[in-house]
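According to TrEMBL, the protein has these features:
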{"type": "ACT_SITE", "residues": "C401", "note": "active site, nucleophile"}
{"type": "ACT_SITE", "residues": "C404", "note": "active site"}
{"type": "BINDING", "residues": "R199, T201, W212, S261, H264, R296", "note": "FAD binding site"}
{"type": "DISULFID", "residues": "C103-C108", "note": "disulfide bond"}
{"type": "DISULFID", "residues": "C143-C178", "note": "disulfide bond"}
{"type": "DISULFID", "residues": "C401-C404", "note": "disulfide bond"}
Amino acid sequence: MVNAASRAGVTVSVLLAAHFAFTWLSNIRSSAQHSEYYSPEQSCFCHLTGVLDDCFCDIESIDVFNNFKIFPKMRQLIERDYFRYYKVNLKRPCPFWPDDGHCSIKDCHVEPCPESKVPVGIKAGNYNKYSEAANKMKEMEDCVQANQLGAINSTLSNQTKEAFVDWARHDDAQDHFCELDDETSPNAEYVDLLLNPERYTGYKGSSAWRVWNSIYEENCFKPRSVYRPLNPLAPGRAGEGFYKWLEGLCLEKRVFYRLISGLHTSINIHLCAQHLNIEVFGKAKWGPNVKEFQHRFIETKGEGTRRLKNLYFLFLIELRALSKVASYFERSIVDLYTGNSQEDAVTKELLLQVLNEAKAFPMHFDEKSMFAGHKMEAKSLKEEFRLHFKNISRIMDCVGCSKCRLWGKLQTQGLGTALKILFSEKEIKNLPENSPSKGFQLTRQEVVALLNAFARLSTSIKELHNFRNLIQNKR
């Protein structure tokens, strides 16, 4: 009887505790929803949580992993010389409609980097890859033309020379998901990414909307009768009908839309986090703009939450690519060559730390579920997927703001490189240790774009944490 009474007492205590906990949570939700500054949509953002669609990972795990493990390392990595210089052609004409002319706002301008400031090892590798040996191969080819080959022959074996010749001549355009700039073009210039940061420039309006509208309406595997939510060119037509259509797509096409939406979301977060807030005595002050963030992600009738989840989904895709390509960079042949051996050693060590963190993440997206159907149908769908994304990379040449074009091209190329990696698993597994492989290669531009693009996603998730604190502090 005593034991039964004790058990009854424990049961009553548990029920009372549960009752008080439920009442406490209800009061918190009620006060939050009725707060002058804390609408239901704000509450939804501040408690963005749960498992993402099309994968088995939850938002909380990504937040902890990114903010405390990989973000600090990524910030250090992209400040290294190898990753800060990006060669790009910002003068390529728009291939789809008459050029509107470039943005005249001063903050749209990109300041090219004089070649004298670019590390000698990077300049020497324009037409090759990124290791010291590859740059020696370029020197060797130059000497062949000058009948001075003997001075370099002693540095490379015949087998290695043949491998590098094959490497330099290898045309892997069929594996590219992006329209790559011709680095030999006289219009291609080096840009110091640290001196030209991505931030709000004032570029907006019909020109900016036309770029994103073309991306969504013409390249996301959708019929023209189905309108994207909050499409400015089709007011009042957004709604659940779009998502019913989207959810009816096959996994591959659904993933494609989510990648583009995630990229768009990430770019918008950067613009909100580095917004021109005030200008005093001609000097601009950049920082987070909560009002702009709320406009883009909270005052959206719930649409902002979908967009933010797509950002996390894109983060997982690119994180998976980093984990898959780790063995490629772990080889001794890869030096991340700048000409400064001490700098190169530190850079590679940082990169390997990032890649090891990526490999250790326990809830990766499973890309094997994609293109896994009938062989011919899967091959056709993969090619369609590639061509759609390549078309989007070409649209980036239609962006009127030079700084927006720079970062749009870089992040698109980074995502395209990630997709190339994910669909090259067999080739990566068969890489030789001490020589390049004909089956899978990455140019230096692809490497720089891949890591900088992922750093942008990592920064976006970190900025979400900052905006969440700013909004909660307004209560």
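Note: Cβ is positioned from N, Cα and C throughout, glycine not excepted.
Heads up, TrEMBL stuff is auto-annotated, nobody curated it.
Shown here: features listed in TrEMBL, placed on the structure.
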{"residue": "C103", "record": "disulfide bond", "Cβ contacts under 8 Å, 6 or more apart": "T201, G202, Y203, G400, C401, S402, C404"}
{"residue": "R199", "record": "FAD binding site", "Cβ contacts under 8 Å, 6 or more apart": "D107, H270, L271, A273, Q274, H275, L276, W286, K403"}
{"residue": "W212", "record": "FAD binding site", "Cβ contacts under 8 Å, 6 or more apart": "H264"}
{"residue": "S261", "record": "FAD binding site", "Cβ contacts under 8 Å, 6 or more apart": "R306, R307, N310"}
{"residue": "R296", "record": "FAD binding site", "Cβ contacts under 8 Å, 6 or more apart": "N268, C272, G304"}
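Cβ packing within 10 Å was compared across the recorded positions C108, C178, C401, C404, and the lowest neighbour count falls to C108.
C108 (disulfide bond) sits 24 Å from C178 (disulfide bond), taking the Cα positions as reference. The Cβ of H264 (FAD binding site) has 17 other Cβ atoms within 10 Å, all protein chains considered. In this structure the residues listed as binding FAD are R199, T201, W212, S261, H264, R296; their two most distant Cα atoms lie 21 Å apart. Taking all protein chains in view, 19 other C-beta atoms sit within 10 angstroms of the C-beta of T201 (FAD binding site).
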